[in-house]
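Taken from TrEMBL, the feature domain 'Glucose-methanol-choline oxidoreductase N-terminal' applies to 181-195. Look at TrEMBL and you will find 390, 391 tagged as FAD binding site. If you look up TrEMBL, you'll see 391 marked as active site, proton donor. The active site, proton acceptor annotation in TrEMBL covers 435.
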């Protein structure tokens, strides 16, 4: 539910990768505004000074709000620390295109409830439209050639009822749009015979179109916890009362995600890892590290996330049965840069809590400490304790029109195939320095214009 767009450089990179400047921060920014509906925090408190209205839309499908609770004592400590900190300063709005700094969390919450795509895009009377049919308990298993032509024409989809196993095919008059996500889309394409020909033959799937990069280039954020002891106490929430408040008023602690602030930071340019590895950030506005700021009384937890991973994974199939699950190799920490970057991320978090504002409040660093642990021990601790952020992208990436690499042309159509387009996170070439829902929404908003322009 965290709503962060990433940096302007992230989206300019889409244009560079695809050699199509219509993919850029400048061209996509109006689509962010079109999709967003900024609403007051649950309960209607005044959130002035916690965001900049010029970067937000108010008429879109996706409700976005600041946290229900006003600044806590812990929040105020962070603001005070940012005032005294040379490395991390307060940033009024994380979604300005320049996210670095201490920022207030914005979340897709409206009227005290989560505003998912199902709520925003399919809410109200949308489901009553005569030209919309939603099939439940149904899985798309393959896309199929629709007719003989000089160019492969794929406008037929095979679907199967999960309960009965009955198969049906549906043919589109104009085009099919695949939105299976970074895992589901390559799974569907590969089962359809669209992918690396040799790999498909190895699992007895007939190749209908050799497109080697399907399922390659998987990128995701990884995060791990570091912690401190603090001079504080646990303040338990009366869950029964909180639930009653939510049911009655849609206010209270159950309207939030549990965090109020985030830190986005760049690794210092003189850090040793840049002597060995090229900086993977899209540009100077792109942070390398996210630190989730969270207090649980006598324990301070910081989730340190790597926003610019170099590691890549894959999505493959292991059989010719479309109902079998794909083989997903997330590839975490397979590139040496990522291990070194996580150490720098832990150091950024350490330096933050060593700030003067926390004197007397922080009583000790509990680790894991990259400066005292032997290198192998820190790496093993990281590998054992890190977890996914579930921001996968890149498995059907855009690339220049006519290029032999990549999966999609800049208009999101599958290369070399007529009638087939992909609109989901798999099209994004590099994971943005953000939680990915906003990037997917803006991709979909622009895709809607591309589709309308085609017909």
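Every residue number used here counts from 1 along the chain in the order it is shown.
Even glycines carry a Cβ here, placed using N, Cα and C.
Just so you know, TrEMBL annotations are computer predictions that nobody has curated.
Here the domain 'Glucose-methanol-choline oxidoreductase N-terminal' (181-195) has Cβ contacts under 8 Å with residues 140-144, 154, 205-212, 214-215, 218, 315-317, 320, 322, 326, 328, 392-396, 407, 414, 417, 422, 424-426 of the same chain, all six or more residues outside its ends. Distance between Cα atoms for residue 391 (FAD binding site) and the residue listed as 'active site, proton acceptor': 7 Å, as a whole number. Counting every protein chain shown, the Cβ of residue 391 (FAD binding site) has 22 other Cβ atoms within 10 Å. Here the Cα atom of the residue listed as 'active site, proton acceptor' is found 9 Å from that of residue 390 (FAD binding site). According to DSSP, residue 435 (active site, proton acceptor) is assigned to coil rather than to any helix or strand.
Taking the Cβ of residue 390 (FAD binding site) as reference, residues of its chain lying under 8 Å away and at least six apart in sequence are, in sequence order, 220. DSSP assigns residue 391 (FAD binding site) to coil in the three-state reduction, placing it in neither a helix nor a strand. Of all the Cβ atoms in the protein chains shown, 22 others lie within 10 Å of the Cβ of the residue listed as 'active site, proton acceptor'. Averaged across the domain 'Glucose-methanol-choline oxidoreductase N-terminal' (181-195), pLDDT for the predicted model comes to 99.
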